[in-house]
Amino acid sequence: ERGERWQKTMAVRRRQRLGPGGGRALLAAVLLCLCCRAAAERVRYSIPEELGRGSLVGPLARDLGLSADELPARKLQVTSAGKKQLKYFTVNEENGNLYVNERLDREEMCGESATCSVSFEALVHNPLNVFHVEVAIEDVNDNSPSFSKASLNLEIGEWTLPGARFPLEMARDADVERNSLLTYQLTSNPSFSLALKKNPDGSKQPELVLERALDREKQSFFELVLTAVDGGDPARSGTVQVRVNVTDLNDNPPVFSKTVYEARVAENLPAESLVLQVRAMDADTGSNGRVSYSFSNVPEAISSLFTVDSESGEITTLGHLDFEEKSIHIFGLEAKDGGGLVSHCQVQIDVTDENDNAPEITILSLSSPVPEDAPTGTVVALLNVDDPDSGENGQVSCELSGEAPVSLVAAGANGRVSYWLAGGSAGAAGAAPLVSVEARSGALYAQRSLDYEQCREFAVEVRAQDGGSPARSSTATVRVFVLDRNDNAPRVLWPAAGPGEAPGAASAPAPFEVVPRSAEAGYLVAKVVAVDADAGRNAWLSYELVQATEPALFRVGLHSGEVRTARAVSERDAAKQRLVAVVKDHGQPALSATATLHVVLAESLQEALPELSERAAGADAPAAELQFYLVLALALLSALFLLSVALAVLARLRRA
């Protein structure tokens, strides 16, 4: 990764070149000898963001193996080629503890990156040792979801059929991971419900669903409130008002030519340069077919770099693009016609690196003057050379100018590192079947397929050893977390499938619920209960009503599974209702299961019995009809037999 620091002793030569790698740092020692006693180790800490100045990060001196008595002589200090890293932390010279020097704002430091850390070096002298220190900054839920507009205006024609969907603006949350996972809620209204559409990047697009036909003469507008809730603990939320105006015919929304637009530009692109052009078509005529383009709730960082022409859809640059600051920009655009219908697309702009950064040389340690009787091998200076560019632009070379009895020393056996497994959570023998390590690169590979439900995490111990004599080595514990895969479909616990729903089973009554005809909107009919054996997003379940005798009469809670009446029950509604709900998880791809519920509209169970009996009788009709024909045939046979006996008796009597 760009900006990674690494150290090497260098072979005796006047000039040394680094291998390829983006933004790599070269750490060189100016020596009087072929040997260097500087060692490299790594210390890691993890702290939450927003800690105040003076907060303890960790006992750095103790973790480096230094006692309190050694501190004055060893001169513990922190240093880095990047100046901004040092402003965040400071080390106490008396106790050797590492403290926060400036408030840490993860969003300001790392933006939307999934990981955030600050790296620097700790130096101790007499003898000289270099330690790599990395402090991971964990996200806290300190940002609420927000909408770019105070209110959203939608125009829906009174001819629009129930089931039509209208995309709503997505909220933004500056936090990351779980703290930025947003769910949406809509104020209860019998005419509308809320659905969530999954975007290509995994985010959820809220959509307003029309539940019943609108009548402009009865109600010309609706005012709703859309709430976005993040996944933090405690959760934070943000709201926006949704105003729906009932209008005349506009039956075609704009349609983008692509779902995702991509472009690649250089970081030195001048301002007002064209990046790409989006295009959406609308089949309507007049003002209903006129399309305008705008950003869809983008952060200020995007609106300060790019602009979109509302008529042409051309995206141009406003500010200076910096590859080192951010290499990929992803944002949303919306197209809106004159009638208020909206569609969305996503834009991804990749910024390519240019050689616009000169290498920076930092003196980490300097011993001056040098005694004339200094033995061979004395460290004179420790230098850090850093170039934040990427690829070939980040490759650096070092050379010494002038005549001096010093040289750059490295590419020998002392710097060659090899890796192997030294143990694990089940010992070396138990860990070996799970993973292996590549001896030269240190890459860890899985040896067989892992099952999250059987093994969620395990640890292996890796040993690194150089090729010097005597060899030096150290170990590190690698903890592997197995990520869940969506390999289990939801299982419906209630309503349980009746015996008749199982293949090859005999017919049997299915579960039913009785709803009084006096029930108002919001009446709780039943609750669909389902579970998923997966974890995380793969176990998050959502419920949707996909089939109903009266689609506008019932609705199901998106996350609760509660089946409620969407409007008051009327006398015109059929007495028997059949509902089919689908339960989906949030995996990729999503898995689902269905639940069937029968509802009888009646004031009491006694009133519902005739309907149930009629349903049972209807189910048994084929068997009853077969039984009727069998009895009729038996009766006819019996009558023929009696007639034959009677005729035989009469014939005998006549002859007598």
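Positions of Cβ are set from backbone N, Cα and C atoms, glycine also.
Annotations in TrEMBL come from automatic prediction, not curation.
The signal peptide annotation in TrEMBL covers 1-40.
Note on the domain 'Cadherin' (39-147): mean pLDDT across this stretch is 85. Residues or ranges marked as domain 'Cadherin' in TrEMBL: 39-147 (among others).
The domain 'Cadherin' annotation in TrEMBL covers 148-256 (among others).
The domain 'Cadherin' annotation in TrEMBL covers 257-361 (among others).
TrEMBL lists 362-492 (among others) with the feature domain 'Cadherin'.
The domain 'Cadherin' feature in TrEMBL is assigned to 515-612 (among others). Summarised by DSSP class, the composition of the domain 'Cadherin' (515-612) is 12 helix, 43 strand, 43 coil.
Long-range Cβ contacts of the transmembrane segment (628-651) within its own chain (Cβ-Cβ under 8 Å, at least 6 residues beyond either end) are absent. As annotated by TrEMBL, transmembrane segment applies to 628-651.
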Residues in the domain 'Cadherin' (39-147) per DSSP class, helix first, strand next, coil last, are 17 helix, 40 strand, 52 coil
In DSSP terms, the domain 'Cadherin' (257-361) comprises 8 helix, 48 strand, 49 coil
